[in-house]
Amino acid sequence: MCTENTVPKICVKSFPNQKPWFNADVRAKLGARTSAYKSGDLVAYRKARFDLQRAIRTAKRGYRDKVVSNYQGSDLKCMWNVLRSITEYKGWKICNGGLSALLLDELNTFYAWTEASNTFPAVKLLVDCNSCTLTISVPDMIRSFRMVNPRKIAVGCNVPERHAERHVHVQYSVDFGVSWKYLVPQCLPANSHCGGQVSQPSVFFPTEGWKRAVYPLPDSLTDTAVRFRFYQRHSDTQWAVGNIYIGPACENHCGGHGDCLDQRCLCDPGFSGQNCYANSVLKATLKERFEWQGFHGSQWQILEGGHPCTDCRALVEGKALYFSGANTRQAVTADLDLRGAKFVEYWTRIGSEDNMTICHYPSCREEGVLLDYSSDGGISWTLLHEMDYLKYLSVRRDYILLPEGALTNATRLRWWQPFKVSSGLVTPNPDRAQWALDNILVGGSEINPSTLLDTFDEEGISHEEKWSFYPNGVRTAGFCGNPSFHLYWPNKNQDGTYNILATQELIVQPGYILQFKIVVGCEAESCEDHHPVLLQYRKDARSDLWHLVQSACLPSSVNNVGCSPFQFHESSIYSPVNSLVWTRVTLQLPDHVSSGATQFRWIQKEDAGERHGWGVDNVYIGEACPGLCSGHGYCTTGAVCLCDEGHYGDDCSLWNSDLPNSIKDNFESGSVSEDSWSVIQGGGVSSGCGQLSPHAHGDSLYFNGCKMRQAISKPLDLSRASKIMFVLQIGSMSQTDSCNSALNQVDTADRAVLLQYSVNNGVRWHVIAQHQTKDFIKAQRVSYNIPLEARVKGVQLRWWQARHGGTGKDQWALDHVEVVLSRKQNYMMNSARQSGLHHYYSRKRRTLLHFTY
């Protein structure tokens, strides 16, 4: 068919690159924008550009309405029936001997029914049907394309369905469109052809809002004929491109916060200057627990393919940022001022060992996750860390020191998962292993703080800066009778996560102390010591190895490093056994804890059974206060003591009241005397070991408890005391059920009963004597001289059995406890010393009051 003879020729006035919707209003607005640009007035240029965009939208909408009105109400089925009727279509046979020239006129009339009537009749060429060949030449193609009417449409039937690919590829060609390549290819650490560079491909998946992209062109495209294209395959998703600029680059590419136009930056709102610097101060840290729902907040610049949930189970606490889906999976932070920062820390998991459907096992290295950073607004990226797909099946923590290139005033971080590339094109892939992030912390300092003090009481003051994280913990008041605010772990969740309170990195020097209040399971039975809370430390944040702040020092470990034969104590482990009520703990930190980046943590690990709730309050880490406040006060900033009620002095060692100077108790009253004893644990008045004859008769203080076994006296004034005497029996010769002992156990030495004293309310206990089982299987009366260091006011005595076999094992009994007073001469010496201190502090208090008022 010869289209020149069947389609009438008309004269149309055209303009270069003119679209069918291009009208006079658009042309006028385009001229106004050009004039504003030439004038150099940025304000006028912005207004003209906005007016042009609005005029284009209006013109496109009007043209669309015009086309729709031409075909409104058309019936596609009826249209196809007309075509079949005209062509007598029955099958796939092309040549038909009965075909007449009238068919061409009818087809032309049908397709051009909106145009002027065709007055030129069609003439059929006589061609041998058996020798039909299709011949197409270049001039024929050019002529046909020039005669296409853009107002016409084609409706196809029985087109096979294809999977929608909604993403847009940004590509270039140097061979006039024969082949196309990504403007920026996907480069991964495993790709040898990328020269160690890591980059995302220049492809865009559906997302909310506009996204700016800046691609510096490689030197290989210089002096070469290049064409670019935005390419989308079979998709019904609408997309748009605006403000395209190809030309000389602006300085630093406007920092990624502005449009480049003729080597000048048009900065975004909130940015200004030649390089589009931020007008406001950027945040210097990032701390994210993903507790939000819906909008992700200002901490994140881009968040695609991820949302908070527990589909990969809990990582550290509650919800984590979970990534899935076929499209982009990435999280990009807002710009941060990291000039004083040190590290980035986070917890992550890729897939799972359980190979769940919603968090399945990764299959190759390309399903790993990459962390990189950008200091130019996301234009170029530098790899920080590759998360190997095999090492992150279980939850894992990464602590990465920031390189010098990341320590800028506008740095952003990006976690992303590579795309699937098939036949040179990125394709959607929902089968990639899912992954999750949690508890991200970016910050730190090259010089860490040297003190930590937090009472958790101040309202309106952020407590987050002092702590790394406290998973599953909440700030509350009233737990276990504590009216002030504190941190509390209720342990209502059963997700396998740990309960942790971790400090930031601190400078810890020799002589420092750690003081805090703790309670564990105040509603639990005191015999239950499972799920304890461990106090630990580490000096390298990159390591996952933690050590107890204080290890147990007992008679069997007297030769261990750090242990003294004169001070025995338990390790820094707390449970309902020793912390059933709010207890103040003061620890003199050993020298090996000291470093410039020491961290401490309280941790309660997951185990079988229900964990006890616990709380922490009044935490202080820093220089030791005078005399450790004698165990009667809190240490605060500046190494100053805040004394408890009834105590005063710089070291809280002075008492406002008199104290008893002796004990004399034979336990014949049937109950423990509250005047003599402050704590009795694991024991009571009984005759479980019989009469301690021949030295004592009747009942005794008998110990058969399940866990802690100790008797602590009331604070005493031992200034006049000289000796301590008592009767003691451990087990019995008859080895009865109510009074027996083990003589051949590995820890037999630790089952001894220790006599100790403390001058600082139990902060330190000093040994007076050890009583081994084999030596006291028969009741014996013993007497010891009270050490000179203990002949002061405010001393407590303790009888303590560190280890035993539990209820029904290793019982012991105490009777006829008596403190013997010294002769008058020694008493006068001690009294003078105490009186001098009392008068000194009284004068000091009067002086302070005088200056105050």
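Even glycines carry a Cβ here, placed using N, Cα and C.
Those TrEMBL annotations? Automatic predictions, nothing curated.
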Bonded to C643 via a disulfide in TrEMBL, from among C629, C652, is C652
Mean per-residue pLDDT in the domain 'EGF-like' (621-653) works out to 95
In three-state DSSP terms, C652 (disulfide bond) is classed as coil
Ordered by sequence, the long-range same-chain Cβ contacts of C625 (disulfide bond) under 8 Å (at least 6 apart) are I513, G633, C635, A639, V640, C641, D651
Excluding its own, the Cβ atoms lying within 10 Å of the Cβ of C643 (disulfide bond) add up to 18
